[in-house]
Structures are given as structure tokens and as C-alpha cells.
Amino acid sequence: MTSVHDFATATRPATPSAAAQEPAPALPPGLDRNTLDALTHGRLGDPFAVLGPHRLETAEGERPHRVVRAFHPGARRVQAIDPRGQVMAELAPVGRTGLFHGRLPDDAPDADGHPGAYRLRVVWPAGAGHEAVQEAEDPYAFGLLLGDLDLHLIAEGRHWELARCLGAQAMRQDDVAGVRFAVWAPNARRVSVVGDFNQWDGRRHPMRLRHGTGVWELFVPAGLGAGPGSRYKFELVGADGHLLVKADPVARRTEAPPATASVVADPLPFRWSDAAWMETRAARQRPDAPIAIYEVHAGSWLRDVEDGGRSLDWDALGERLIPYVAGLGFTHVELLPVAEHPFGGSWGYQPLGLFAPSARFGPPEAFARFVERCHQAALGVIVDWVPAHFPSDPHGLARFDGTALYEHADPREGFHQDWNTLIYNFGRHEVRGFLIASALEWLEHFHIDGLRVDAVASMLYRDYSRPADAWVPNRYGGRENLEAVAFLQQMNAVVHARCPGAITIAEESTAWPGVTAAVEFNGLGFDYKWNMGWMHDTLHYMQRDPIYRQHHHDGLTFGLVYAFSERFILPLSHDEVVHGKGSLLGKMPGDDWQRLANLRAYLAFMWTHPGKKLLFMGGEFGQLGEWNHDAAPEWHLLDDPRHRGVQRLVHDLNALYRSEPALHARDCAPEGFSWVIGDDRANSVFAYLRLDTAGTPMLIVANMTPVPRDGYRIGVPDVDGAVRWREMLNTDSAVYGGTNLGNGGVVDVEDVESHGWRRSVVVRLPPLAVVVLKV
């Protein structure tokens with residue numbers, strides 16, 4: 001199969017040796033041989049100096065001639081016609097070069113910068129002796145397209161509507177319908193737009209360079225076939241002279257992979273009807289609000305078995321996923337990256353189309369419908385966003401104009417050894433602006449409620465995952481990536497200024513200080529941070545046989561030492577159920593009963609621990625196998641009442657978490673947590689209070705061994721003289737698949753001092769279970 005690059009190369013004129021057999025054509029007035037050769041061989045960097053309307057000086061005292069030159073390789077005939085279709089001039093071919101030229105009548109309107117003064121009628125061979133006629137305005141009759149302010153903001157890295165400035169804009173220019181193409185490629189020798197409308201021939205539509213900014217532009221009228229739905233790319237002659245064919249960095253629509261072309265997006269905006277949600281989402285995402293996130297890989301959440309296991313599109317996902325997630329009581333859906341990415345096995349974490357939802361699941365408007373349906377169901381939408389690195393696919397950003405434009409030239413700064421990807425040059429204004437504009441595209445134009453920024457740790461440290469001789473210190477000799485810090489601070493500041501109520505979340509796996517501190521206090525400015533330390537410590541604890549847990553008691557307690565140093569989300573994410581790590585259930589020790597009991601206890605511990613919640617799909621019903629992005633979760637397990645019990649527990653945990661302020665209002669404040677028993681290593685028992693803003697407590701007791709414990713005394717605070725505490729949740733309940741050992745729904749308060757409190761309760765602790773009590 002011939003690629004776009006092969007086709008574009010194949011359409012070049014004959015080699016010089018073959019062309020030398022034909023006599024050189026006579027040159028039209030005002031054109032020299034070198035310029036003609038550069039045009040016909042695709043090397044012309046300034047096409048507007050040759051093509052379109054021009055004034056030619058004549059003998060002294062005579063009126064200057066007005067001529068038109070048009071380049072249409074393969075055309076039989078080209079005419080300049082007036083708006084009524086009358087022939088103004090027959091353009092003569094310049095040999096077999098594809099260039100046509102002719103003189104406009106002296107009384108014709110001035111065509112320079114006024115495309116309506118004439119049109120071009122091009123006659124093409126159509127096979128079997130037939131002809132095809134194409135009529136359109138001349139792309140080279142249009143004046144400058146982008147305004148000075150646009151170019152200034154692009155150069156400064158502050159054009160937040162970049163996808164409405166660069167790229168492909170279906171629009172009217174000088175009252176002519178068509179598509180305005182623009183791309184930043186400051187070091188290219190020549191840039192052309194190629195696509196369905198010009199047979200992917202890079203000689204046909206070379207673009208104009210706006211000097212000083214590195215932006216190339218061209219308006220292609222609709223009469224030439226350019227419009228919404230047209231496939232296109234940019235063909236460049238790089239700084240090194242090599243031919244490159246690149247997808248549009250700011251394309252708002254793409255072909256479905258493995259195809260790699262960009263697609264002209266529909267200019268009509270989506271008609272949103274989620275104003276009520278947008279006005280209230282700030283309150284739904286504050287630190288004192290309940291946030292329970294269901295993490296989803298859109299391509300594998302559910303497969304269409306009747307259609308060969310095909311992934312669902314956005315509309316089908318909206319019908320199935322949204323009611324499922326809302327029915328379980330989650331507050332948010334978090335989508336693994338949906339920006340266009342060439343390799344499905346990257347799960348979206350190696351994107352190249354940072355402004356376009358992946359065409360795997362439908363057009364951009366289908367994604368907008370999905371988001372709106374989430375909002376109608378009172379679900380927030382968080383999208384994973386990847387500004388840390390990008391893949392080196394030849395159609396992408398790598399050496400975009402023949403130089404290291406988006407990345408660092410030095411591989412010690414620009415190459416990520418773990419992922420074989422390239423690292424953005426955060427010190428370059430245009431690159432920072434490109435990335436921030438991408439973030440705003442998702443938040444402003446797709447109404448996304450939050451961005452989870454991937455791999456922040458890899459951005460913050462110049463020596464991240466590198467040996468000592470493979471990194472470059474910063475200007476102070478340190479390991480901190482100061483340019484990345486400045487970028488993250490600027491990104492967060494701009495997002496919060498332009499998108500009220502939207503949140504940003506950092507996946508940051510180190511102890512970098514102030515990730516969620518305000519930028520004005522030298523923090524990074526994120527709203528939340530994934531608590532990777534809590535996740536690793538607690539999972540390691542739960543993986544141990546209960547008989548050994550007494551020796552690793554701090555696996556569950558240590559997280560409280562730093563639980564309020566940042567605003568945390570507790571993540572049981574996709575990263576913990578892949579690459580041989582097994583599923584959450586698979587990590588639990590013991591026989592089938594013990595594994596399920598361990599999982600239930602762990603989920604309840606997480607839901608009652610300070611911090612917002614995140615759970616990856618499949619974890620909510622105890623999937624047996626680890627996640628496979630080519631297959632759906634093991635939904636058949638819900639035929640087993642034990643797995644339905646885990647799912648029921650997640651539903652009830654969400655309901656309790658959302659309804660009880662003590663469990664969420666102070667998730668990020670130390671006043672919302674107090675240990676009662678944190679040192680009972682021998683029994684692996686933990687007891688703690690969660691408190692709302694009024695100080696009203698809930699008591700959580702966890703027994704992390706399979707040994708039931710009767711008569712376990714726990715000190716409790718005096719709450720308005722209450723004489724009993726109610727059992728609000730017990731993970732050993734029969735409805736969850738447990739043994740149904742508990743306290744009959746209530747425990748009495750006794751005037752017996754314990755654990756520093758004047759009063760106490762005696763609780764029956766079921767095996768491998770968590771009990772939640774409330775006055």
C-alpha cells in the first residue's frame with residue numbers, strides 16, 4: 001500500500017537527467033529559471049512572489065501589466081474568469097512544468113489582495129477522453145491571513161486559542177468559503193499543505209512564511225475541494241533539506257489509527273446544555289466535597305461481542321457506562337488519555353494529537369455528547385493529560401521542521417530512556433504555549449472538569465531515571481527542572497484563571513514539596529495530588545499473610561504522618577493491575593474467602609481514610625485477572641454472588657462517603673482524623689475517628705486478621721451524652737459475601753475509661769473486616 005509520503009514523492013517531476021531530454025520552456029515575463037525550477041521541484045519558499053496576481057513593469061510611460069500565474073501540474077487548461085464565469089484571460093502553459101500564466105485585461109479590477117476580482121477555471125483530464133472542470137478562487141490572491149496580535153501571542157507562548165488560530169480552520173476569508181491552514185515551523189525551507197484536495201502533491205499548495213514568527217499560512221478555497229472532513233497533512237522541506245510529511249500538531253480532528261492524517265474539523269460549535277452543572281461544579285470539587293472517581297480505559301471497559309469484540313464508541317459508552325458509574329455512586333469518571341495517539345498499547349499515554357479526541361471512538365462532537373451526558377447524570381469528567389513527553393513517530397512532532405523544535409536537541413534532556421519518547425522543551429515559549437492551549441482546549445471546548453497530569457515526577461527532575469552521566473544540571477548545578485516547574489505553575493495559574501471550578505491533579509510519585517500549594521507561595525498550584533506512597537505502603541501490607549502483618553503494622557499507619565501535607569487522592573489505579581502485578585483481588589493472600597474478605601476490608605479502609613478516592617474499573621467487583629487493554633473486565637464474575645457482594649459494598653461505601661460529612665468534609669484537614677488505636681500490632685487492629693467540621697465523629701475499626709475478636713473495648717468520645725453507637729457498615733455482612741458476624745446493628749456506651757476517653761464501647765470484630773459506627 002502506497003503511503004502519503006510515497007505518493008507525494010511519486011508525484012514529483014522527472015529527475016534532472018530525464019528532464020534534460022526536453023528543451024527548456026520559454027520563461028514568462030518576470031520569472032527567472034532558478035525560481036521556476038524551485039517551484040516545479042517543490043523547493044520554493046516564497047510562493048506568493050511567483051503565484052497569484054502580479055503587476056509587471058513595462059516600457060516607460062505604459063501602464064503596468066497585470067498578470068496571473070497558477071501552478072496546476074497535470075491540468076490541460078487554465079483560465080482566469082470573472083465572477084459571472086466569463087473568461088478574462090486564457091493562461092498559457094509554461095512548457096510541461098505545470099505553471100500557467102496570462103495577462104488580465106487592463107480594465108479588470110485590481111486583483112492584488114482582492115481574491116474576488118477573478119477566479120480560476122482549471123480543466124483536468126478525467127479518463128476515457130473526458131474532462132473535469134474545477135472553478136475556485138486563487139489561493140495566492142489572498143492577502144495576509146493571521147493578524148499581528150495572533151502572531152505576537154504565538155511567539156510569546158500566550159495564545160490560549162491556538163487551535164482556533166493555527167491548524168485548519170473551515171471559515172470564510174474575504175467572503176470566500178474555504179479552509180485556512182497555518183503551522184509553526186520556523187526552520188523549514190518550504191511548507192505545503194497536502195491532502196485529498198490536491199492529490200497529496202506538495203508542489204500544489206506551498207504556504208507563505210510570516211517572517212519573524214515562523215508561522216506558515218495559506219487559504220485554500222472550498223472550490224478546490226477543501227472543507228470540513230478533508231484529510232490533510234503538512235509537507236515540509238526541513239532545515240536539513242529532507243522531505244517531511246507531518247500531521248497537524250493542533251488538529252482538532254484526526255483519522256482513526258493506524259491512519260495518521262489530520263482532518264478538517266466542523267467549524268460549528270457544539271450546543272451545550274450543561275450550564276447548571278458548570279455553575280455548580282466548583283462546589284462539587286472543593287476539598288470539603290466528596291470526590292469518588294471511577295477510572296476508565298474507554299477502549300476496553302466493554303466490548304461489543306457481536307461485532308468481534310469491537311470497542312464501544314462515545315455514544316454507546318454514554319448509554320452503558322454513565323448509568324453504571326452513577327448507579328454505583330461515584331462522583332466522577334476519569335478517562336485514561338483520550339487525545340489521539342498512534343499506538344493503542346500505550347493506553348493513550350504517548351499522544352500526538354493533543355487537541356483532538358481519538359477518532360477510535362467517534363468524531364469530536366460525539367465526545368462532547370458523552371461529556372454532556374455525564375454532566376446530566378451529575379458526573380464530573382476528568383481526563384488524563386500528558387505534557388511530559390511524546391512519541392517519536394515520523395508523522396508527529398519529532399524534529400518537526402528538520403530541527404528539534406518541540407523537544408530538546410541534547411538527548412540527555414530530550415530523550416526519555418524508560419519510554420523511548422521525546423521530552424518537551426519547557427523552556428521554549430512556543431512549546432509552553434502549545435501545551436497550555438491543549439489543556440484549555442479540553443477544559444473550555446469540551447467542558448472537561450479536571451485534568452490529571454501524567455508523569456509529573458519525570459518532568460520535575462532532570463536526572464529522573466537516568467545514570468549520573470546522562471543528564472544536564474540546571475543553571476544552578478541542581479537536578480530540578482526549573483523550566484518544567486515554571487511551566488506547571490503557569491499552566492495551573494492559567495487554567496484556574498480561565499476555567500473557574502476546574503481542577504488539576506498531579507501524578508507525582510516523589511516528595512516534591514508544595515505540589516498542591518498555591519503558585520503565589522511558590523507551589524506548583526495543583527488542586528490535588530495522587531498519594532502514591534499511601535497506595536504502595538497499604539498494598540504491600542495487604543499482600544502479606546495476616547500472620548506477618550503484626551510486623552508491618554506501620555504499613556497502614558505511616559500514611560497519616562503526611563496525609564495532610566498535600567491535598568491527596570488515594571489511587572487504586574490502572575498502574576497497579578498491569579505488567580504482572582495482578583488484580584487487586586489477586587494481590588490478596590489466603591483462600592478464596594480470605595482474599596475477598598481482605599479486598600472488602602481494604603476498600604473500606606480506603607473509603608474511610610482521609611483523602612479523595614479513585615478506583616480503576618474491575619476493582620469494584622473483584623476482578624480475578626489483571627487488566628488487559630485488548631479485553632473487557634471479567635463482567636461474567638457478577639454472576640457469582642461473592643463478586644456482586646464486592647460491587648454492592650463499593651456502592652454502599654460511596655453512599656456512606658457522600659452522605660456523611662465526617663468522611664469527606666475534612667479529607668484534607670488534620671482536624672478531620674484522630675487515632676483511637678494505632679498501636680495494637682499483636683492483633684492487627686486499627687481504630688480511628690473521622691470528624692466533620694462540627695467535630696461530630698464516626699468510629700472506624702479494622703481487624704486485619706482472620707481471627708474474630710469478641711469483647712474488644714474501644715474508647716470513644718462523649719457525643720451529647722449518647723448511650724449507643726449504630727453500626728453503619730460492616731464489610732463482613734452477608735450482603736457483601738461475609739460471615740455476617742457483627743454487633744446486631746448497635747453497641748452500647750459504657751462508663752469505662754479506655755484509650756484516653758472516659759467512656760468506651762465493646763465491639764465484636766469480624767474477621768478481615770472493617771466496621772463503621774456512628775452515634
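Every residue, even glycine, has its Cβ placed from backbone N, Cα and C.
On a predicted model such as this, the values are computed, not experimentally measured, just so you know.
Here is what Swiss-Prot says about this protein:
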type	residues	note
REGION	1-39	region 'Disordered'
COMPBIAS	8-24	compositional bias 'Low complexity'
ACT_SITE	Asp454	active site, nucleophile
ACT_SITE	Glu507	active site, proton donor
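The Cβ of Asp454 (active site, nucleophile) has 21 other Cβ atoms within 10 Å, all protein chains considered.
Residue density at Glu507 (active site, proton donor): 20 other Cβ atoms are found within 10 A of its Cβ, drawing on all protein chains shown.
Glu507 (active site, proton donor) sits 5 Å from Asp454 (active site, nucleophile), counting Cα to Cα.
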